[in-house]
């Protein structure tokens, strides 16, 4: 049973996706109740009552829907053989990235694994830049040279192709923040399959030793490639994995719960208490990568059940519509605008100019004098250029 409060009136309504709602100020803001947070070595944790404004609700819904549609477009481009190399989709896990980003301040940093399209979009790249990067276009996020796994943004350090490679990188970024006496946090994202990597334990030891402002975030989607978590981990309570590092479990399919947990964890780090581990319980709809149909180690019925009962976008839409924050007509208009943006981006990904061969020698080093480029066949003196400089030169 859910009670929706509009001004002083109580209107009972029923929805399995919402535990409790209170709405004030003519439905311009609302308070929802999340699933309880599980805690490790913490006396208290985030409040389960989370507040959201209409503006933020629309923003989060639009971002999650955009990522979902963008990933669908990326999958289609791959099937058309327009995407070369690997391609890992984020469909189903949108609330993890959107909720985390919503809790970040301008100076905070993030680093993640190869499932990075959504994070790249949230870090300032347009949908067109992401899709053009996938198809090797000069208008891509990194001029078409990075592909699916290597995209970047302001204070977003990738996109890393090696399992767990971002764990020590995030620790190093947090060390730099503390060294510079900056009140910021580095959020280091990885999957459940990477929690058994030795470098995670090494990183957490150093982070706790020096009380670095780093959040280790495990996006537990249930499968490391094609292996269920219980078949590879002696304990699947990943929020306790840090032992001496405190941890929080959060429903990773609830964008507001994710935002609440990360906000609380950031306050912990900024108070000088050191690192914290967050496990976000989520799910991926696609296979590990586009080469994996995702049906040999789980059933289609399992995937459909999650879509029906736990989908982060549908669940959030039901909440904000029930609360009166948005109308069905507003939802339809958002859907229309997102489709329009995706369609335009797909067209660019097909037609924009491909990255020229001249860019192969750019971005090797920064600001160095002209010299011979090693491992090339032409004995020609080359100036080390950035891709931006090379593109400008080619345009002349």
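Each residue, glycine too, has its Cβ placed from N, Cα and C.
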Need a hand: Swiss-Prot gives 114, 115, 161, 163, 192, 193, 194, 288 for thiamine diphosphate, which of 49, 76, 221 is also on that list? 221
To which residue among 44, 289 does Swiss-Prot attach the annotation phosphoserine? 289
Looking at 291, 296, which is the one Swiss-Prot tags with phosphoserine? 296
Need the DSSP three-state call for residue 223 (pyruvate binding site) to compare against my parser. strand
Going by Cα-Cα distance, which of the recorded positions (114, 221, 289, 296) sits nearest to residue 161 (pyruvate binding site)? 114
For residue 296 (phosphoserine), list the number of other Cβ atoms lying within 10 Å of its Cβ atom. 8
